[in-house]
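What TrEMBL annotates here:
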type	residues	note
REGION	1-35	region 'Disordered'
DOMAIN	79-223	domain 'Pre-mRNA-splicing factor Syf1-like N-terminal HAT-repeats'
DOMAIN	241-324	domain 'Pre-mRNA-splicing factor Syf1/CRNKL1-like C-terminal HAT-repeats'
DOMAIN	399-545	domain 'Pre-mRNA-splicing factor Syf1/CRNKL1-like C-terminal HAT-repeats'
Amino acid sequence: MSSSKEADPTLGYLTRKDTEVKLPRPTRVKNKTPAPIQITAEQILREARERQEAEIRPPKQKITDPTELGEYRLRKRKEFEDLIRRVRWNIGVWIKYAQWEESQKDFKRARSVWERALEVDYKNHTLWLKYAEVEMKNKFINHARNVWDRAVTLLPRVDQLWYKYIHMEEMLGNVAGARQVFERWMKWTPDQQGWLSYIKFELRYNEIERARGIFERFVQCHPRVGAWIRYAKFEMKNGEVARARNVYERAVDKLSDDEEAEMLFVAFAEFEERCKETERARAIYKFALDHIPKGRAEDLYRKFVAFEKQYGDREGIEDAIVGKRRFQYEDEVKKNPLNYDSCFDYIRLEESVGDKERIREVYERAIANVPPAEEKRYWQRYIYLWINYALYEELDAGDAERTRDVYRECLNQIPHQKFSFAKIWLLAAQFEIRQLNLQAARQILGNAIGKAPKDKIFKKYIEIELQLGNIDRCRKLYEKYLEWSPENCYAWSKYAELERSLSETDRARGIFELAIAQPALDMPELLWKAYIDFETAEGEFERARALYERLLDRTKHLKVWISYAEFEATAMDMDSADLDEHEQKKQCIQHARRVFEKALTYFRSSAPDLKEERAMLLEKWLNMEASSGELGDVSLVQSKLPKKLKKRRQVATEDGSTRIEEFIDYLFPEETQTTNLKILEAAYKWKRQKLSSDDD
């Protein structure tokens with residue numbers, strides 16, 4: 001049962017155990033110290049070679065009479081025939097058989113073997129080559145010719161057969177026969193190398209006209225740039241300049257749109273250059289640069305620049321260099337039409353050249369690439385193309401109508417419902433003002449306010465009307481401005497400032513009152529400051545004081561308290577005749593102290609956590625008292641000043657851990673007394689606990 005498990009059908013009657021290779025058990029090396037005599041690998045190999053036994057070779061057999069020769073041949077033929085019967089498809093066996101028959105000088109039998117082999121696989125061109133070589137080697141010329149003829153008839157697409165056939169005829173001096181074979185081959189329209197071999201064959205025998213005729217057929221069969229260039233070079237080599245030019249011209253007519261046209265134009269231009277026809281060469285280069293796509297003209301541009309540097313004047317060289325850069329920009333714009341930076345560079349290049357039509361063409365192509373998404377960030381670079389275009393038409397081209405059209409098209413292009421650009425509206429309006437067309441400018445700015453109102457548009461429109469002295473228009477614009485943006489403190493301030501400049505104090509005050517009554521403001525502190533400064537400048541200190549009180553009802557910010565105190569310290573009525581300056585100054589300081597006291601009370605009672613603000617308030621108060629000279633009393637503030645304490649606290653970091661940081665804390669005098677009382681109370685408590693424990 002076990003033996004059946006170990007049996008394997010591929011091993012016959014043997015088991016796996018019988019076929020296992022038993023390797024000797026590796027011996028343990030006890031002594032690992034290096035041997036005194038070291039043996040190299042080279043020495044081991046040399047000894048192995050010396051001890052190798054001599055190779056056993058079969059004895060050489062010598063045939064002495066015809067009978068033995070006949071037996072030998074019969075035996076070899078039987079071996080070959082048996083081998084062929086087994087592997088009939090193996091061409092190598094057939095070749096060996098035929099070559100053996102050839103070595104026995106039995107050419108009829110050899111031919112028979114070759115023919116039988118061809119019946120097996122006549123498409124194997126190696127068989128034909130070997131067969132023909134045998135016939136040629138043994139000088140059976142007609143037989144060889146017959147073999148070649150059959151080979152090229154059956155396998156006309158195998159170029160090697162044609163080459164060998166032609167070579168044999170040429171070696172035999174049969175030029176007419178070789179030409180006839182070439183003609184047979186050309187009917188099959190071989191590749192370029194076949195035609196060139198035919199041409200070289202004719203040139204070897206100085207048959208120029210025949211070679212020219214073959215070239216004509218060659219370019220008709222293979223109408224490629226390389227073929228035409230070879231034809232033209234052939235004519236040039238034979239001194240036929242007119243014929244060569246004619247060949248190039250025909251090639252340009254047929255292949256000007258070919259992918260390899262660049263190579264043709266370069267070769268044509270270099271031909272004219274060698275003929276000292278520089279103007280012709282320049283014309284060819286320019287024609288090529290206008291007709292070949294930019295992506296395939298790199299070498300052409302390089303050659304043209306080199307040509308202009310060698311033969312052209314300064315203007316020509318600059319034109320060539322500009323052409324090269326133009327090609328680079330064209331390539332960049334083609335790769336990414338929405339890369340507006342490349343468009344700007346391209347436009348600057350064209351503007352440096354000064355060709356108006358070309359500049360306009362580049363601008364038109366650039367502005368045709370509208371951003372794909374209606375998002376402002378995609379349009380920000382694009383809109384500058386329109387701006388530059390309009391400025392070019394106005395300043396460089398001097399065409400007012402085209403400028404107006406550019407601005408109009410640009411404004412129509414922008415999706416004003418989603419976003420707009422105040423710069424475009426303002427530039428269009430300023431252009432109309434420069435053209436002394438005030439009505440058109442007002443219309444543009446009115447459309448801007450209607451379609452896409454913006455701060456810049458209102459400000460500029462108001463500025464224009466103010467310069468023109470149209471106060472009623474300015475008032476209407478401010479009303480529109482505030483209707484659109486009632487939270488805009490800048491607009492309220494400027495409107496009030498306008499009324500004040502017109503000595504309309506009541507109107508200005510009314511505007512300020514409306515402004516501070518708004519439910520939401522973007523920068524209320526600036527508006528209140530402007531209102532207070534207005535009342536102060538008008539000498540209305542009571543009104544300003546009332547404004548400060550109203551502001552403190554809304555916010556108790558530190559800056560408001562400080563500003564109020566500073567106002568009181570400087571609120572001296574110069575027109576009052578009741579008090580002298582010294583008394584007024586004293587009264588102002590007392591008013592300021594009251595404000596500081598009020599602020600201090602608020603921070604102590606209502607906002608005890610704002611210690612830093614309280615300290616800053618006291619510092620301001622101290623500075624005021626110090627700067628007031630003999631009227632000031634520094635001791636009033638010094639008793640209230642806090643002590644600065646450096647403390648540490650734990651702060652949580654982003655990763656969840658904590659770290660210790662230092663900070664400045666302030667300890668005010670009233671807090672110090674409370675802390676001392678707490679310490680004393682804790683000491684009394686500890687004493688009482690100790691006495692009670694002693695009694696127990």
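Cβ from N, Cα, C; glycine included.
The residues of the domain 'Pre-mRNA-splicing factor Syf1/CRNKL1-like C-terminal HAT-repeats' (399-545), classed with DSSP into helix (H, G, I), strand (E, B) and coil, number 113 helix, 0 strand, 34 coil. Helix first, then strand, then coil: DSSP counts for the domain 'Pre-mRNA-splicing factor Syf1-like N-terminal HAT-repeats' (79-223) stand at 114 helix, 0 strand, 31 coil. Regional average pLDDT for the domain 'Pre-mRNA-splicing factor Syf1-like N-terminal HAT-repeats' (79-223) in the model is 88.
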